[in-house]
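Taken from TrEMBL, the feature transmembrane segment covers 36-53, 65-88, 118-136, 148-169, 175-195, 207-227, 239-256.
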Amino acid sequence: MKTNVESWIAYFYFDFWEQYGAKEARNLPLLSGGPWKIFLIIAFYVYFVKVLGPEWMKNRKAYDLRWLMFAYNVFLVSFHVIVFPMALLATKFTVSTWQCSALNEFNHLDNQAYLLGYSYYLSKFVELFDTVFFILRKKHSHVTGLHVFHHASMPLLCFIAAKFSVWHAAGWTPILNGFVHIVMYTYYAIACLGSRTKKYLWWKKHLTQLQLVQFTLIIAHAIYFLLHPSCKWPKIFPLLELFHGCLFLYLFASFYSKCYNKAKKADA
């Protein structure tokens, strides 16, 4: 017979998340139960890119992964090219993401919107390979704190949203991010083709500018819902959205200033 402590542990480990989480999440891989599998994946990811990977590559030559990375980037571009227009249709071209209404499990478009959000969530795990490729190519300078934090935090943030925020408003960030990723992974795919494509990559800094616009729009969306007290979308979610937007706007703005503004001064 279980003691009270064991019962509470069992409840918090699994039952709590099923009781208060979305019905739609109960049978989906990496969404059923609590976030423990996500924590393990993130912990291993951070350990690999910070400790295990660099140590393993110390006395090895960098791998030539150009064609593997090209295929990987084309896959992610293709994924977002398919999902992005479907998400626009499911959210009435994002109109519903500015409305204060929960998803209806009996509505076909709402069910489609949730599954698209789930596929977006799964893509965050695939994108962890961005960093793995850096390690295997010995591009350790690319593995910045911003890069690792961004990739490590996204699966957990998406888990929280998919598990508890089954509202139309939760679709705003994934749709914006999906568009940004089409542009970003297209750039990466072209870059994989070697020096002969370098002249086509003049727009690198505009990728960061696009991301800054993205985070500004995320902040605007969060403020919009925080200023509507009658909206039943739990305030914790626009607050998380605001925190996420402000934090990454600051981090990416700092990165942009460091990389491009200093380069301008050096050229002057």
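For all residues, glycine too, the Cβ spot is worked out from N, Cα and C.
Unlike curated entries, TrEMBL annotations are predicted automatically.
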**Request:** Answer with yes or no whether the transmembrane segment (36-53) touches the transmembrane segment (148-169) by the criterion of at least three Cβ pairs under 8 A, sequence separation 6 or more.
**Result:** yes
**Prompt:** When each of 36-53, 118-136, 175-195, 207-227, 239-256 is checked against the transmembrane segment (65-88) for Cβ pairs under 8 Å, which one has the most?
**Reply:** 175-195
**Request:** Could you pull out which residues elsewhere in the chain have a CB under 8 Å from any CB of the transmembrane segment (175-195), counting only those six or more residues past its ends?
**Result:** 66-67, 69-70, 73-74, 76-77, 80-81, 83-84, 87-88, 91, 94, 97, 120, 201, 203-204, 207, 210-211, 214, 217-218
**Complete:** Sequence-distant residues near the transmembrane segment (239-256) by C-beta distance (under 8 Å, 6 or more away from its ends) are 144, 146, 149-150, 157, 160, 172-173, 205, 208-209, 211-212, 215-216, 218-219, 221-223, 225-226
